[in-house]
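According to Swiss-Prot, the protein has these features:
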- Y138, Q199, N222: NAD(+) binding site (BINDING)
- S245, Q267, H270, H336, D369, E423, H428: substrate binding site (BINDING)
- Q267, H270, D369, H428: Zn(2+) binding site (BINDING)
- E335: active site, proton acceptor (ACT_SITE)
- H336: active site, proton acceptor (ACT_SITE)
Amino acid sequence: MSITIRKLDSTSEGFDAALRAVLAFEASEDEAIERSVAQILADVKSRGDAAVLEYTNRFDRLNADSVAALELPQDALQAALDGLEPKARAALEAAAARVRGYHEKQKIECGTHSWQYTESDGTVLGQKITPLDRVGLYVPGGKAAYPSSVLMNAIPARVAGVGEIVMVVPTPDGVKNDLVLAAALLGGVDRVFTIGGAQAVGALAYGTATVPAVDKICGPGNAYVASAKRRVFGTVGIDMIAGPSEILVLCDGTTDPSWVAMDLFSQAEHDELAQSILLCPDASFIERVEKAIAELLPSMPRQDVIRASLEGRGALIKVRDMTEACRIANDIAPEHLEISALEPQQWSQQIRHAGAIFLGRYTSESLGDYCAGPNHVLPTSRTARFSSPLGVYDFIKRSSLIEVSAEGAHTLGEIAAELAYGEGLQAHAKSAEFRMKG
């Protein structure tokens, strides 16, 4: 099957501009969506349950008589787990265990514990770590049902010590996804409401008589959900506004080209705007990958999506060497970075910007998506330059601790008063000086 993927060469004139054109993506804001979301959020904030019920019945074609009727009991989650095929249940439980194990280790290693120290004059300084009280988890419904995302969002929140996890998931026409509900149970979700869209985001942000207000909202969704999350940010925290999925493969030419082709497919099949790029110093290997793509594409159920993605936003790039590949990779700052090489550790030392780094030819990105353990909620659209994967640290907050002794009040008071007078803030200065006299 014929497919045309953009091919670039880093030695060619105009390469930098061509690469920028490949990477260019700006999420468009649909004015109709923005207006609709603004109206829905205002309505939910004003009318609470009544608005949530009205929108849910309309958009999901339901006939519920109350929002309370849209909450699923824990028994329903247990029934969903018990009803899974044995292999599906075993896989889900294994993935949950691995994700939990990784994030428990992360909690130990990543500064998620309170600390303090005492100065010579008795003054105590430190930091208090507190988990969030309540977190909301948005889960897409219908065809885009991803139980793995439930695990990746719920488990780090649970490990962090979040008091309550509230999940919302739409059920169009009343159809529930047992894998999603089973994942909610395994992930430690406390409450599940079968609501979705902007109205669900509004309910979580503002609270209603039935749906409790949360402190942070996490999880993927469509354009309406993304718009709603942007609008409620500030009232609550959010994880991120994710762009299209991305994979960048750095290969030294020693991997089976069909493996690389399928890795590129693994992101391209998400949607037409997903981006899959190969960097390789071996021109003949790039040709073999190109051939493998053409041979394998007809066997893919989502071949039309893959084709559109690869032709529209994909690229096969010839580089001078692996050192240059690493430099370009840092500029791209991809969501997923595979280093498919004989000595991946050597090259990983040169990588500064990537959401997740997959080392070695046996480490397919899909293993990270589902069951390796690290979180698959990753920064996209070059935000890996300043952002990190979702983790335990996203569900805690830090408070500074200051306990000043009498001696410390004199020493620090002189400094504070001098600076406060310099800023023209007399009450600040006097507040410090009063304690110097005591």
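Glycine is treated like the rest: Cβ placed from N, Cα and C.
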CA-CA, which of the binding-site residues S245, Q267, D369 lies nearest N222 (NAD(+) binding site)?
S245
Counting every protein chain present, what is the number of Cβ atoms, excluding its own, within 10 Å of the Cβ of Q199 (NAD(+) binding site)?
28
Across the binding-site residues (N222, S245, Q267), the Cβ with the fewest other Cβ atoms inside 10 Å is that of N222
Minimal Cβ count within 10 Å, across the binding-site residues H270, H336, H428, points to H428
Among the recorded positions listed here, E335, D369, E423, which has the most company in the form of other Cβ atoms within 10 Å of its Cβ?
E335
Length of the line joining the Cα atoms of Q199 (NAD(+) binding site) and H336 (substrate binding site), in Å:
32
For substrate: widest Cα to Cα gap among S245, Q267, H270, H336, D369, E423, H428 in Å
56
